[in-house]
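*Asks:* Just passing along the structure, written as structure tokens.
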Amino acid sequence: MKHIALRTWRFSHKDAPSTWQKDFDDSDWERVTVPHDWSVHEPFDRHNASGTGYLNGGIGWYRGHFSLKQLTRSDHDTVILRFAGAYRNSDVWVNGYHLGGRPSGYAEFSFDVTDLLTMVPDDDLVVAVRLDREELADSRWFNGTGLNRPVTLEVHAGLMIPDYGTVFTTPAVSKTAATVKVSHQVRNNLPGTQLVTVTDTLTSQASGKQVTLTRTEPVASGETKTMASSTVMQQPELWSVDQPTLYTLRTTLTSDDLAEEASYEQTVGIRSADFDPDTGFHLNGEPLKLKGVCLHEDAGVLGTAVPQPVWTRRLLALKAMGANAIRMSHNPHTPALYDLCDALGFLVFDEAFDEWENPKNKWWQGHNVYPPKFGGYSHDFPHWHKADLTNMVQRDRNHPSVIAWSIGNEVDYPNDPYANPLFKEMTGNNDANKPAAEREYNPNRPDTKRLSMIATELAHIVKANDPTRPVTLAAAFPELSAKTGLLAPLDVVGYNYKEHLYAADHARFPDKPFVGSENSHSFAAWRVVTDNDYVAGQFLWTGIDYLGEAHGWPIHGSGAGLLTLAGFPKTNYYLRQSWWAKSPVLKMVTAPAGTLQYDWEPLYRRWDYADGTAVTVRFYTNCQDLQVRLGGKPVATPVYDSEHGYYEATLTYTHAALTVTGTTPEGTTLTDTLVPTGAPAQLQAHVWQDPTTATTQDTDVYQVEYTLADNASRATAANAVVRVAVHGGTLLGLENGNLADNTDYSADYRRTADGCLIAYVRSADPAHTTVTATTSGLPAATISLQ
């Protein structure tokens, strides 16, 4: 199969009635590179919806002009136009012919354009796409707007494998042998019956070892036939979170009448993944706690058109923290992210929906500020849910990283919109400021029992397309849902923030494995996992900050993450690392004494206070025997806080280095030092280098990290406006992670946050691309990308 990425497009925010026509004049339109999210190229506006980040949507058009010569087609070839997703309400024309579209912004969809290409009068193939997101409060978080995922043309030979027609499974796996089964849907578009030989070659990407499977069968003209092979591999190289060994599966189709073999490639892995109601999750037969994070799809200034290297940098930071699992919240994400999870060793809960047939509250004036709006996917669910769920499962079922299918997130939240007589009053923290009527049972609302009917249907759809993985759901109110039948269709039960119900419900549903599908960052929530074998793990809300779900202007996003929008670690990142990482961890964080009454109050990785100030110092570590010195002299011994999982001491600040040493169980000594810093004297620039080979797409995107440092090259927390100019490339944007900074994302300047900033740059010639950053009163920082 030939695969051509369609990256160069023209874009307009105008909705002219003749835009779909082939000869429409788009010469004055903006040139853009797809994936492209137009929302982040417009200003923040407090009159836009808070839930979707105060950014705009509207109606927009993309037009692409592509040469047919690059297709190099033969007779009986099939040409497919594929969209990995387009947010939202897409409508597609090719050379003026209307093909249709997809309401969902998350579903992959395609069109067979083979016949249309026979009617092209010239070499200009024109693809026009209209997207409609005039309803800004269409989600509870930011999803962007535009052709925010890849668009491709595929050329398939006369013998072809149609969409998602390859299924790779490993029915039995051990360290010494693995049963591998490969099944293909083979379509014969050649005249006459063909004796088709399907050859599958599995090649280890680690060792190069190969296994080949071959099958030959007749396939009639116009027929699509299932052809399957299986074998037992000896000494398989298993995929795991610590050693994610992958195989390249190369499939060739041949027959006497096919001039050139048809070939396909994809990446697969050999592993077993199982949930047990008493012993939790097992990978390759070994128990493993899921140390998971929930992720939304944006990256701040880049919107939801996130280049793969940006995800690589973020995922490696989460991996270094000890995370091994990701919940794709609350929709199927871009395909490149799953490829990275395969390559880097993350386990994935793939999630389909945030709402079903009835809408959730969409906050547009601030979180829980009434009245809400009710737009979104629920309008499309009755007609499209089967196609969209089937698409997710078929698209992602060959990823070794994917271990469960989630059919919904918090669809059972009381009065949002379902209710039941068993529910009397909601008293959770998230409901404290809601009107009384919103917290009480209302018999006029849809009955919660309806949810179990929908869940049963969705579970059947999943099993029809992948019987090898469990069906799960993230339940928000199991106090009610467990009584109304919602848990019955599930293979694995997911609870959001309901750790206190695990023991009773485990006894009540002894055949159901349990997992924390969404959890707080507290030590208590993690201890429930470590102290109970039957709890498979947890997924923190969230791993990374995200746009939208904002509590109110000027805040335009959620700060629930362990990493900022810029991908820099917060202080709680190191606390989580001390609980999750296998490697030794020792980090100090500080705050003025008396300012830490609540978990959300800020701590800092710095030692800059007025002399004599009482300072709380917390020590995040998995080491022992902590020894603390201030200015080289021993000071107070830290006391362990068993409720919160860290050590703490209160010190009197003096202008000298603060040092702590600790010892690992193996006897290795670790040291962490915080030193007073001077005024900013330089702007340090560093081009982030990918230490892996995981990144296979968007390799022309580079990330430049900036730090304001003093004259001794020590990072400061000072902030200043930084302006960035790129010579030989394109500045994609600047991000500081400050959710209250509403500087236009299209600007070439931005203020640092805690002394840091990141620039995203695209360049096809990094050796001849320089990036220059300037800030008032400091020397310019110029760096080459290579």
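Positions of Cβ are set from backbone N, Cα and C atoms, glycine also.
Note that TrEMBL annotation is computational and uncurated.
Pasting the relevant annotations from TrEMBL:
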COMPBIAS  223-232  compositional bias 'Polar residues'
COMPBIAS  436-447  compositional bias 'Basic and acidic residues'
DOMAIN    167-271  domain 'Glycoside hydrolase family 2 immunoglobulin-like beta-sandwich'
DOMAIN    279-476  domain 'Glycoside hydrolase family 2 catalytic'
DOMAIN    690-783  domain 'Glycoside hydrolase family 2'
REGION    209-232  region 'Disordered'
REGION    428-447  region 'Disordered'
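Mind mapping these onto the model and telling me what they sit next to?
*Replies:* Through the fold, the compositional bias 'Polar residues' (223-232) approaches residues 162, 177-188, 196, 198, 200, 211, 213-215, 217 of its own chain, all at least 6 residues removed from its boundaries and within a Cβ separation under 8 Å.
Same-chain residues lying 6+ beyond the ends of the compositional bias 'Basic and acidic residues' (436-447) with a Cβ under 8 Å from its Cβ atoms: 358, 370, 415, 417-421, 423-427.
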*Asks:* Could you tell me the mean pLDDT the prediction assigns to the domain 'Glycoside hydrolase family 2' (690-783)?
*Replies:* 97
